[in-house]
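Marked as signal peptide by TrEMBL: 1-21. Annotated transmembrane segment per TrEMBL: 291-319, 325-349, 361-384, 390-414, 452-471, 483-504, 516-539, 554-581, in sequence order.
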Amino acid sequence: MELSTLVLLVMACGLRVGADGTNHRYKEGDHVPLFANKVGPFHNPSETYRYYDLQFCSPEHVTEKTDALGEVLNGDRLVDAPYELNFLEEQRSKSLCKKNLSKEDVAKFRHAVSKDYYFEMYYDDLPLWGFLGKIEGVKTDSGKDKYFLFKHIHFNILYNDDRVIEINVQTDPNINVDISEDRKLDDRELDVEFLYSVTWRKTDISFEERMAKYSWTSSMPQHLEIHWFSIVNSCVNVLLLSGFLATSLMRVLKNDFVKYSLIEESLEDQEDSGWKYIHGDVFRFPKNKSLFSAIIGSGTQLLVLTMFIFLLALVVVFYPYNRGALYTALVVIYALTSGIAGYTASSFYMQLEGINWVRNLLLTGCLFCGPLFLTFFFLNTVAITYSATAALPFGTILVILLIWALVTSPLLILGGVTGKNSKTEFQAPCRTNKYPREIPELAWYRGTIPQMAMAGFLPFSAIYVELYYIFASVWGHKIYTIYSILFIVFIILIIVTAFITVALTYFQLAAEDHGWWWRSVLCGGSTGVFIFFYCIYYYHARSDMSGFMQTSFFFGYMTCICYGFFLMLGTVGFRASLLFVRHIYRSIKCE
């Protein structure tokens, strides 16, 4: 599928330029759409609630905006806001409404202020945020902090000709109402009048550049310096590692080839040693062929998916606050690439002389989707319990299931049938012995766990710096838009994973251990384990997330992502090792 076709398809599934159907041009006095989205604790980005779950002023008839698939997956629930921000019309402390808050309503607002709740709105598709109130250290009679709810919001809007360019929100800390627990008011109810002001200022910023301000933070010189330092550090690691491996392996292999050539030319009957000694076992098919093939198929699909996501990012499909763009792209591209998983898994399974290709195809389809769906249903249940916007409506769940049933599954089956009938044979330079050789007893550091630790450390060190910025964007409120740097880091990750896995595979074969198939997958994918440990570190040391819901969402989805990295990088490690093993055994004469 051409990239242009994919971009159009993704945009058709929800990436709309004017999400409200307007062309973003207005005359003086025209109504400009303003939607209230959600509220939630500032430090818990997944724990968000509908805007009118709190007793804000609301229109007489609240209309919910029809959200695209990606917006719903992102937890967006846009509704009409009561503020009148007509084009070029200014307001001075205009009364929005008067609310009579019950004791329960006041308690909700107090809880929201104590948790640093913020609100999010969209004005002409531009995001804006503000806090609900503040806490002052002045103690009440009971010795507790005082809580204040902001009553006045000021909108400062920039325009250029007939277009809205920028909007900022300020809350006046001096215009507030005391909502502390022992306030000197009637404990049963509280009368509050909410106000707002609007000012307009002209700007020279063009409409095409109005979203650029949201990228400035990630493009600031000090941040770019850190990113480029990370890339230079990673590149140096790659060059040193590549040079070391190339020099060492070429020298060792050259000596091996010379030694084996002399042995072959010698009239004396000498026994092979080292990696040539196991030439009759090195291409012996691994145990659990169906699972192994399913991992290779799923890993290949995830690698292709990641490359497509990067291509879309590099052509600026994912501009800041394009609501749900990434989620839409992930769902659509994963569905369209399922045929790659089916074809790769079935084709490789048949090369390994497998007989139950249907079971292999079912395993491939469930290997990544299964844990992801189980995690999703658990987290969705948690979100429903909390009445959070992260809980998907039944209609959205039905759409996802239909995509899986009508697109993902048919393409998976089509790819599997094509792979089964491809008649591709496994290219093994050496014949496999009837009975396997016994693997000699090896030192502890040649075991699976120590080898995985060594294999995962270097690739993880290459992406460590970028991980912080990505986590701060996904699980925080920072913005990440330097996709070119992220793409370079990803390529470095692939190269380092391939090199380190090849090196460990050679050392394993030199020790006469022919069980390299599964070891190469485990060593290649071990970076996913390191990323999971970084998740634990980030949650406890670098974030202020708390609560059962946020913890469940963080570790639930990050576990799935780390599992995806394991499958993808495990596939890279195996493919690189397979090319290397075929090359060295093709270069000698195997009897």
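Residue positions begin at 1 at the first shown residue.
Glycine too: its Cβ is placed from the backbone N, Cα and C atoms.
Keep in mind the model is a prediction, meaning the values are calculated, not measured.
By number of Cβ pairs under 8 Å, the transmembrane segment (554-581) is matched best by 516-539 from the list 361-384, 390-414, 452-471, 483-504, 516-539.
Residues 1, 6, 9-10, 13-15, 68-70, 73-74, 289-290, 293-294, 296-298, 300-301, 304-305, 308-309, 312, 317-319, 357, 360-361, 363-365, 400, 403-404, 407-409, 411-420, 422, 424 of the same chain lie 6+ residues outside the transmembrane segment (325-349) yet bring a C-beta within less than 8 angstroms of a C-beta in it.
Looking at 291-319, 390-414, 516-539, the range that has the most CB pairs within less than 8 A of the transmembrane segment (452-471) turns out to be 516-539.
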